[in-house]
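Step one of this worksheet: look at the structure below.
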Amino acid sequence: MREYNLFTSESVSEGHPDKMADQISDAILDAILRQDLHARVACETLVKTGAVVLAGEITTTANIDVERIVRDTVNGIGYHHSDLGFDGETCAVINMLGKQSPEIAQGVDRADPEEQGAGDQGLMFGYASNETEVLMPAPIEYAHRLMERQSELRRAGELPWLRPDAKAQVTLKYDGNKPVAIDAVVLSTQHDPSISQADLQEAIMESIIKQVLPAELLHAGTRYHINPTGKFVIGGPVGDAGLTGRKIIVDTYGGMARHGGGAFSGKDPSKVDRSAAYAVRYVAKNIVAAGIADRCEVQVSYAIGVAEPTSISINTFGTNKISNDEIISLIRTHFDLRPYGITRMLNLLQPMYQQTASFGHFGRQGSETAFTWEKTDKAKILKADAGL
């Protein structure tokens, strides 16, 4: 009898409190980068009923209105009325931002930009798989798209009873490395008190789930759990506190690949937690796009103040067409994984980070300057050099 494996990933909406915090942190980063491309930013956010608290270290020549940025971001997410439990115009904004330690700065800054050191030690992973068109794992890809659809319908007013907070979870059945069926779907969305559970469940099924998930993967045995606890009126920061960097698996590969532990939002590109994670996604995606492997996980590590990575390693899960040593040689030849090299290679000194802070950092397109790490412009030369 053939054996199947199940794998589950989740996503959350832009109105989830942790994602609110991420978006606020990245909105502040973007505002600073519009004035000062050489700023050092590490901005953390806490949201809870009636308050937004900012903490972290920022060194910049930019002069920004932090409070206004916070309020505009909260309102833009959809929390703009007291009936929702949180109002961007009336919430308290507590600013505890300071400056970056000069001891860190001396290890990062260099007279020659090429020798810019890593902002911290750490390890980062990048991953790609040919199981979806965007070379992402199917469970997280579909979970993100469910949340994007919820947001689109809410913002367009097509389902006017939708509120900003929501979560989705998708379980895929795999035959080897190939997803063959959706085993279970969980979707919970905040809503106005006026909507009945029966009407909500029907609308979510017809307008979100069936519009997003491939019909060929749904079957008679697929299980659906739509707002399984019943009412979900109280949500956002009223229901739960939110913190920057608490959705690192949602932000990346839904658990399908390993994670080095560092979060992304609120960090400028000198922080390799963010920039190097983007870089190794770029590496892995181009390797898979080139047909060198069907699945590829790349790990890179750094020492604080040192430009060159302390290690580069890969796992192709037995799907490689050339040896792993040959693949690593190609990586070293075609990708500059020093911090400054990454920033230049991916054009990361751009105010484009807020759009990455919800619905995942990978497998997406955005503005012209965003998601440069999703390009497959190295695939052709990698394939040629691999002799494929």
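Cβ atoms are placed via backbone N, Cα and C, with glycine included.
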L-methionine site partner of Q100, D240, K271 (as recorded in Swiss-Prot), chosen from E57, E141, E148, E202: E57
Other C-beta atoms that fall within 10 angstroms of the C-beta of E57 (L-methionine binding site): 16
Top Cα neighbour of D240 (ATP binding site) in the set of binding-site residues D18, E44, E57, Q100, K271: D18
Cα distance (Å, whole number) from E44 (K(+) binding site) to Q100 (L-methionine binding site): 13
Nearest recorded site to D18 (Mg(2+) binding site) by CA-CA distance, among binding-site residues E44, K231, K247, K267, K271: K247
